[in-house]
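Record features, source TrEMBL:
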type	residues	note
BINDING	62-66, 126-132, D152, A247, G300, H350, D414	(6S)-NADPHX binding site
BINDING	N63, D122, S155	K(+) binding site
BINDING	K384, G385, R386, S387, T388, G413	AMP binding site
DOMAIN	10-207	domain 'YjeF N-terminal'
DOMAIN	212-484	domain 'YjeF C-terminal'
Amino acid sequence: MRSYYPCEQVRAAEAPLLAALPEGTLMRRAAFGLARVAAAELRSRTGAVAGRRVTLLVGSGDNGGDALWAGAFLRRRGVAVTALLLDPQRAHRAGLAALRAAGGRAVPADPDRIGDPDLVLDGVVGISGRGPLRPAAAAVVEQITAPIVAVDTPSGVDPDTGAVDGPAVTAAVTVTFGAYKPVHALAPTRCGRVELVDIGLELPPPCMVAAEPAEIGAIWPVPGADDDKYSQGVVGIVAGSARFPGAGVLCAGAAVAATSGMVRYAGSAAPVVLARFPEVVAAPSFAEAGRVQAWVIGPGGGTDHQAADTLRDVLATDLPVLVDADGLTLLSRQPDLVRGRRAPTLLTPHAGEFARLTGRRPEPDRVAAVRALAADWRVHVLLKGRSTLIANPDGHVFVNEAGGSWAATAGAGDVLSGMIGALMSAGMAPDLAAAAGARAHSTAADLAARGGHDLAARGGEPGWAAPTSASAILDRVPAAVRSLRGMAES
Ligand SMILES: NC(=O)C1=CN([C@@H]2O[C@H](COP(=O)(O)OP(=O)(O)OC[C@H]3O[C@@H](n4cnc5c(N)ncnc54)[C@H](O)[C@@H]3O)[C@@H](O)[C@H]2O)[C@H](O)CC1
Ligand SMILES: [K+]
């Protein structure tokens, strides 16, 4: 599991070390790791380190200090280093002295003095940064064409929420120190590749965790010697209708693809679902469906009285229930249907459905927003997005950074719900099932976009991708599960 910590927890963890260690030790530890990553970037991008040019953007705090010390370490490897000081009077004194002693240059920041660097280190602000870049820093950053290595966090991006509301750095790499911060999972397009430098922090339980793909692969339910079609979990799907059968096909099909358990479908789209997936056991209504271990309700189900009555009947069971799409719209009108429900309940809203449930959109602090809904309604909540967040009623948050936006296509949510419902019926807790399903879903979307080339299997070299569809994602679910299980085995 990769753990993420809010800035104030990182600062609190730094404090005893700062007090115990000689002045500047922690910063030099961080800067040495930063210089090592920067040198590796130079080598991989330009074929050499010595003789290359690096420009430092230096703010007024310790983030700038990290950059200055890293500049001094790079100087010792023959790199030409120029520091642009955004606030010369307040630049980190010891770092500036170290850079100059190593033969580096330091000048007041000016867009005309960026030079032609091979790499830029963004040491404008780190965990004390709030809001967008200020004008002087923004004027310089917008002129930079070289790849940027962000020091700790990309400046101008909120380190705790990943929110961007003005000029901000877009980094190719972010080198963070001591602990991952939420921004590293919530703003992946701003952070680029994230590298962690250990500086010896002792940390409390994290605010958010990301399950590694191999961990998801290791817990994915597969049939054992004593299993039969019932013992692996039976999931019931209430989705789609005779008029709009598509969501029923995608949701039931995804449940079929995700595990070996049995899938029951209940609804008027039964003939169309069966035509596509004959292994589904279909009934024309919820009342006529057989026994299941978990229900999925909502995708394409409509919001009329009959749909509302079925939602009430499903939630009146003592089974785990996943409510998605139209089911969430109905729930926003009758929250009491889940409040106080004792059986596990998982809601899977996108930002708009979240606003319908709570009366406000989840931005800018999506982690706090999803945690609050889960705690207030005593449910599990999966908030969809490039970085999908999953909160349980006790405040634990999983994050799944999709690595791309290929799943942003009509019907992909129906596929996700079917996958998660199958995992819930196999006995997984709703938040773990949601985290596992979200990871497999984003893996399937990436495979579908790349025509089946598995990046992980091919060592991650870039393969070109193209827009894809929910049906194509559904078709890649088995390959995605194989990829995750393969990582667990390797
Ligand atoms: N303490 C240590 O030994 C280590 C610290 N690490 C690094 O320190 C930074 C955090 O440094 P801090 O001095 O607290 O603040 P910043 O450098 O992040 O910010 C400086 C200063 O910038 C101003 N500011 C705030 N927002 C903006 C903005 N949007 N634009 C411009 N300027 C802004 C504000 O006045 C801040 O005080 C941490 O990130 C690490 O890089 C090492 O990691 C470990 C050792
Ligand atoms: K920074």
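Residue 1 is the first one shown; counting continues down the chain.
Keep in mind that glycine also has a Cβ here, set from the backbone N, Cα and C atoms.
Fair warning: this is a prediction, and the values are worked out from it, not measured in the lab.
Sequence features annotated in TrEMBL and their locations in the structure.
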{"residue": "D62", "record": "(6S)-NADPHX binding site", "DSSP (3 states)": "helix"}
{"residue": "I127", "record": "(6S)-NADPHX binding site", "DSSP (3 states)": "coil"}
{"residue": "D152", "record": "(6S)-NADPHX binding site", "DSSP (3 states)": "coil"}
{"residue": "H350", "record": "(6S)-NADPHX binding site", "DSSP (3 states)": "coil"}
{"residue": "K384", "record": "AMP binding site", "DSSP (3 states)": "coil"}
{"residue": "G413", "record": "AMP binding site", "DSSP (3 states)": "helix"}
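Note on the binding-site residues G65, G385, G413: the fewest other CB atoms within 10 A surround the CB of G385.
Annotation for the binding-site residues N63, S387: lowest Cβ count within 10 Å of the residue's own Cβ, S387. Among the binding-site residues N63, G65, H350, R386, S387, G413, the ones whose Cβ sits under 6 Å from an atom of ligand 1 are, in sequence order, N63. Ligand 2 lies under 6 Å from the Cβ of the following binding-site residues, listed in sequence order from D62, D122, T388: D122. Cβ neighbour counts within 10 Å, taken over all protein chains shown, single out K384 as the most crowded of the binding-site residues H350, K384, R386. The average pLDDT computed over the domain 'YjeF C-terminal' (212-484) stands at 93. Close to I127 ((6S)-NADPHX binding site) in the fold, though at least 6 residues off in sequence, lie C7, V10, R11, N63, D152, T153, P159, K181, each with a CB less than 8 Å from its CB. The AMP site is defined by K384, G385, R386, S387, T388, G413, and by the 8 Å test on Cβ atoms against their centroid, the other residues of the chain that qualify are H350, L383, L389, N400, A402, A407, A438.
Cβ packing within 10 Å was compared across the binding-site residues D62, D122, D152, and the lowest neighbour count falls to D62. Among the binding-site residues D62, D122, S155, H350, the ones whose Cα sits within 10 Å of the Cα of G413 (AMP binding site) are H350, in sequence order. The DSSP secondary structure for D122 (K(+) binding site) is strand. Note on the binding-site residues S155, T388: the fewest other CB atoms within 10 A surround the CB of T388.
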